[in-house]
Each structure stands twice: as C-alpha cells, then as structure tokens.
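Engineer: Just dropping this structure here.
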Amino acid sequence: MQKLKQQVFEANMDLPRYGLVTFTWGNVSAIDRERGLVVIKPSGVAYETMKADDMVVVDMSGKVVEGEYRPSSDTATYLELYRRYPSLGGIVHTHSTHATAWAQAGLAIPALGTTHADYFFGDIPCTRGLSEEEVQGEYELNTGKVIIETLGDAEPLHTPGIVVYQHGPFAWGKDAHDAVHNAVVMEEVAKMAWIARSINPQLNHIDSFLMNKHFMRKHGPNAYYGQK
C-alpha cells in the first residue's frame, strides 16, 4: 500500500498548492479495488507537517487497518461512493471558494462554455438539502447517499463532480491525481460561471452541439484530443 499512500499524500499536497483549501478544509482518498482498501488523509492534520506515512488505510466498512491517526471525517461519504460506482478510483472534497458559493446558493454550476464542456458533460449538479434527521443521524454516510440520489445511474466520470447543498464540492476521477485535477477545473468553471452570469444575467447554456463536440473529442469513443 506504500505506493498508493504516496500517491494520496501527493494528491493531498496538491490541494493547498492549487489554492483549493484553507487550513485543513479538504482531503483526498483513493481506493485499491483488488484489496478492497481505501487510503485517505488523516483528520485535522496540517498539510505543513503531514507525511506519506501519516495516510490512513481503511477497509470498506471503515475500519482502520493501517495508520496512527483517525481517518478523515468524510470517510463514510467516500466509502458509500466507492461502493456504488466502481469506475471511481479517487475522490476529493474541498471548500474551494467559488464552487462552495454555488453549493451555498443551492444551485448547479451551469455549463456556459467550452472550458466546462471539456470536463463536465452538462451542468455540475447540486444535491438537495439533507433533512434534520439525516444530519443528526449518520451525517457523512447520508451525504454520500444524497450524492448517489442526485447522480443516479449516470456514469460519474462524465460529470466528475457535484456540489452538496449548503456544504461544498466533491470531485472524483480515475485515481487521486485525476480527482484533484477535476476539483481544480470545477473551481475554475464555478468562478467563470459566476463572472459570466454577473456580466450577463440572461446568459444561456452552451449550445448542445458545442457541448457534445468538446466533451466527445476528449472523452468519447473516437476521442482525438491530446496524445495517445
């Protein structure tokens, strides 16, 4: 697990590097599907002092199998998503400013241009709010459940992120680094959407044919963007 712990550590260190976290407001995890184990940032440990060996390994029930610290408080959310969507290899949660603002507003991040369409096939959805019973009960588990309720059976890698109402953004990818990459993009397109709608409140969504072109040329069966 040392290699995966190193990858998760590096991905976590990318969060402050890209300006996605303040203090310890975020974390990254990744899963080893063959072993059924998840590596995640320890709860509340400062990035300045954190080491790869500080990463915590849990099984799919959340039991710590390796590590001296408690795992992130978001562990139950991540495990619920890993169980439901086998294509996910890494997940990240932050409170990045602009994506969190859309979450607090209770609004999906609208697909307004090609930067968005290169990564997200449609709006980045916003979940419903959790009920008082859901919050007072198994809060983190129920956060995962409301994300799943919103995504349904859609391929999560086609829209690799979501904003949880009154909470903040979650993003995911094929591995930990891909998840962070998508979280960075989500924050940028959230900022772009806010600015664009401020300039033109009547701005419409990106044309569907342009959305399809930009997404499919990178992610479709006949993708031709980038190098093989």
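Using N, Cα and C of the backbone, Cβ positions are placed for all residues, glycine too.
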Engineer: Just to be sure I read the record right: HIS93, HIS95, HIS167 are listed as binding Zn(2+) in Swiss-Prot. Which of ASP74, ASP153, ASP178 is listed for the same site?
Structural biologist: ASP74
Engineer: Near ASN27 (substrate binding site), meaning Cα within 10 Å, which of ASP74, HIS93, ASP118, HIS167, TYR225 (recorded positions)?
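Structural biologist: Of everything listed, what lies within 10 Å of ASN27 (substrate binding site) (Cα to Cα) is ASP74, HIS93.
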Engineer: Counting other Cβ atoms within 10 Å, pick out the least crowded of the binding-site residues GLY26, GLY44.
Structural biologist: GLY44
Engineer: Measuring Cα to Cα, how many Å separate SER73 (substrate binding site) from TYR225 (active site, proton donor/acceptor)?
Structural biologist: 38
Engineer: Check TYR225 (active site, proton donor/acceptor) against DSSP and tell me helix, strand or coil, would you?
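Structural biologist: Coil, per DSSP.
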